C-alpha cells in the first residue's frame, strides 16, 4: 500500500487530505533566453510548487528519453537518412596541383650541345586524378613546345596502376611514357594541400638550366671596324633613328592661302627627308598622308643644273653641290624645300638629345606659332521694349528658340507662400486720387509685386487688380543692369515708383514686422524702427479710456450730440442687432478699431445706411488716422 508522502498515511478514502494552501499546479518553465540565446533550464520544483527531493536527470538522459520512441505503440523507429554524398568532381572542382619539373633530352646531331634541359609544369587534377605536362613556350626556340602530354590518367607501372597525388613529392623522379621528369618544386596551394593530408614534403631544389641557353646569354665577340666613314657603318649605327621636327608653311599672302602644319622626318641612316601632312578633323582635305616622299633633298645645285628636268629625271651627285643634312634643321629657323618655305617651331625629345650630344646645342625651346584669336565681340542687347521682364526679353537675343530664365529653386522652396503686404496711398495732384488706397503684395519666392485696389462704394473708381505679378524696376536704373525693388525698400513712409506712379507706404500687417525682426540684417535700422513705432501707435489703449480723459474736449461733445441725434432718428432701424459682435469678430486684438475697408463691408452686410448725412459725419468723427475707424462710438449710435 502506498503511503501519503506528507502525513505518512495510506492513500485510502478518508486518510488523504487536500492542502488548500496550494493554488498553482502548473509545470515549471524549462526554456528561457539569456543574452538573446535560447537555453534549457532543469526544473527545481514540481507540480504545485513542491521542491523536488530526488536527483534530476542529466541533459544526456533527457535527450535520450526525448528521442526514445515507444516501440509497442508506434513500431520500430525509422533510420536516420545518411549524410549527403558529395562526388569528387564537385568537391575537387577546379582544384589543381602544380609541380615544377624538368627532363633531359639528348641532342646527337649538334656540335655545340650534347643534351638539352627542358623545363615543364606538371598539373594534377584532383577531381578525376588526371595529369598533364605542359612546357612553357619560348619565342624563337625552334622546338615544338606547349602541351607535351594532354590531360589523362597516367600509368605508373605495368600492373595497371595509375599515378595518385600521394605518389608526388618534391625531389623525386617520375617516369611518364619513357621520359624521366625530376620534380623540383610546387606552388603554395599544392604545398598546403599535401601537408594537410599528412604528407611530409621534401625541401625544394634549384631548377636545372640549359647549358646552350646560358651560352647564348654571354656577350658576343666584339669586332673593331675602321673609323673611316662608310655608308654601311652609318646604316648600322643609325638604323631606326629618326629626327622629328614640327613645322608650318605660311601661305596666307597668296589668294586663298592658309597656314598649314607639317611633320618633317630626317632619317639619320641615309640622310633622307620625308614631309608628312597633319590633318585636322573636318578640314575639308583628302586624307593623304605625305606631302613629299622619302628622298634626299638638294640644298645647293650646280649652276648648269638649274634647268635640269627634275620632274622626269632623278637628281644625282653631279647636279648637286650640297645636300640637306641634320645641322640644317634647327628649331626657330626657316628652310626652303621644293619651293616651299617651312618654319620649324618644335621637335621631339630624341631630337633634342641628339643635337645636344652631336652639335652641343642644349637649348631648343618651343616657339609659339599659334595665332591669337580676335577678342570676342560683345553681344549688345537691343533696347528694352517695355514688354515683360528684362530677363525674358533678353532670352530672345541669346537663342533662336528662347528658354525661360533660370530660377532660384532653393529660394522658391524656402520662401514658398511667404507674402509681405503693405497699405499704400497714391501720390497724385488729382483730388479724386487722394483717398484711394492700394494693397502691395511682395512675394518673397520670386521677388515679384502685385497691387490690388479695394473697391470703394460710390467712389466712381473700379477697384480690383491694379498690377499683376511682376518685378518692378527702380527708377534711374539702366536697362543693362536693372535693379528691382526688394523687401528692404518697403517701410513706413517709403516712396515706391511703379511705372511712373508714386505710392507712399502707410501701413503693414503683423507678419511684415515678424519677418523684419527675424531678418534684421536685410533692413536698415531706420526702416525697422519705422515699422515698430507704427505698430506701437496702432496698439494704443482702447477709446473707452481715452473718453474719460477727453470729456471736456469739444470734439467729444460734438460726437455725443451726434450719437443722440442718430439714436432718435434711427431707433427703429433693424441693423442694430448683433452689430457689436460683428465688429468684434474682425477685431482680433480687441483694440476697438477695424480697417476702413472691412468697416464698410460690415456696414453693407448689416444694411447700415452709410449714405445718410448724419452717418457720414459720424464715420468722419470715428475715423482714427487714415486706415482705422473706432467702431465703439459708432455702435453706440445704434444701441438702445
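Cβ atoms here come from the backbone N, Cα and C positions, even for glycine.
Positions annotated as domain 'DM10' by TrEMBL: 93-198 (among others). Looking just at the domain 'DM10' (93-198), the mean pLDDT is 93.
Taken from TrEMBL, the feature domain 'DM10' covers 239-359 (among others).
What TrEMBL records for 416-520 (among others) is domain 'DM10'.
The feature region 'Disordered' is assigned by TrEMBL to 534-554.
The compositional bias 'Basic and acidic residues' annotation in TrEMBL covers 536-554.
Taken from TrEMBL, the feature domain 'EF-hand' covers 574-609.
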Taking DSSP H, G, I as helix and E, B as strand, the domain 'DM10' (239-359) contains 18 helix, 50 strand, 53 coil
In DSSP terms, the domain 'DM10' (93-198) comprises 12 helix, 50 strand, 44 coil
